[in-house]
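Record features (Swiss-Prot):
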TOPO_DOM  1-14  topological domain 'Cytoplasmic'
TRANSMEM  15-35  transmembrane segment
TOPO_DOM  36-172  topological domain 'Lumenal'
ACT_SITE  49  active site, charge relay system
ACT_SITE  90  active site, charge relay system
CARBOHYD  111  N-linked glycosylation site
ACT_SITE  115  active site, charge relay system
REGION    158-169  region 'C-terminal short (CTS) helix'
């Protein structure tokens, strides 16, 4: 069963194939990031704050190419809050001013109040630079795997172990 490991050349080929898969995935991610002009072109909805528009586990595709274009009320955006790692998906409900320095107020469709409590300390509004991208497409529930992996860390270990086992046992 592990006879493939006895041959160093075959083991090296398997290791290189695994590295090729990882580097291809990374290059695809970076390519999509450049095309969409977004550091995170694909995000997963982590909470129910945007229901019924988006459910927990929906996979969202972002577009940020029109940085100079006006952001409009009603647009669903993903933004980062200074000091927090997790991006937030919410709708723009109010806009004050025009251009890149316009002040934007967001709110989740399923939330009672706006997002001022979520913003960084001393921040009352968002500006265009806080926005990672606007949602232009989504796939329902596909991102639920990400949620399961973050809520159950042992699943990561099991999946990585299975992937490693497949690479080791793979025959050319």
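Residue positions begin at 1 at the first shown residue.
Cβ coordinates are placed from backbone N, Cα and C, and glycine is handled just like the others.
Note that the structure is predicted; figures quoted are calculated from it, not measured.
Listed as Cβ neighbours of the transmembrane segment (15-35) (distance under 8 Å, sequence separation of 6 or more from its ends, same chain) are residues 41-42, 167, 170. The separation of residue 90 (active site, charge relay system) from residue 115 (active site, charge relay system), Cα to Cα, is 9 Å.
Residue 115 (active site, charge relay system) counts 21 other C-beta atoms within 10 Å of its own C-beta, drawing on all protein chains shown. Of the recorded residues, residue 49 (active site, charge relay system) and residue 90 (active site, charge relay system) place their C-alpha atoms 8 Å from one another. Helix, strand and coil counts under DSSP for the topological domain 'Lumenal' (36-172) come to 32 helix, 36 strand, 69 coil.
Between the C-alpha atoms of the residue listed as 'N-linked glycosylation site' and residue 90 (active site, charge relay system), the distance comes to 10 Å. Using a 10 Å Cβ-Cβ cutoff, residue 111 (N-linked glycosylation site) registers 18 neighbours. Taking the Cβ of residue 90 (active site, charge relay system) as reference, residues of its chain lying under 8 Å away and at least six apart in sequence are, in sequence order, 49, 50, 76, 77, 79, 106, 107, 108, 109, 111, 115.
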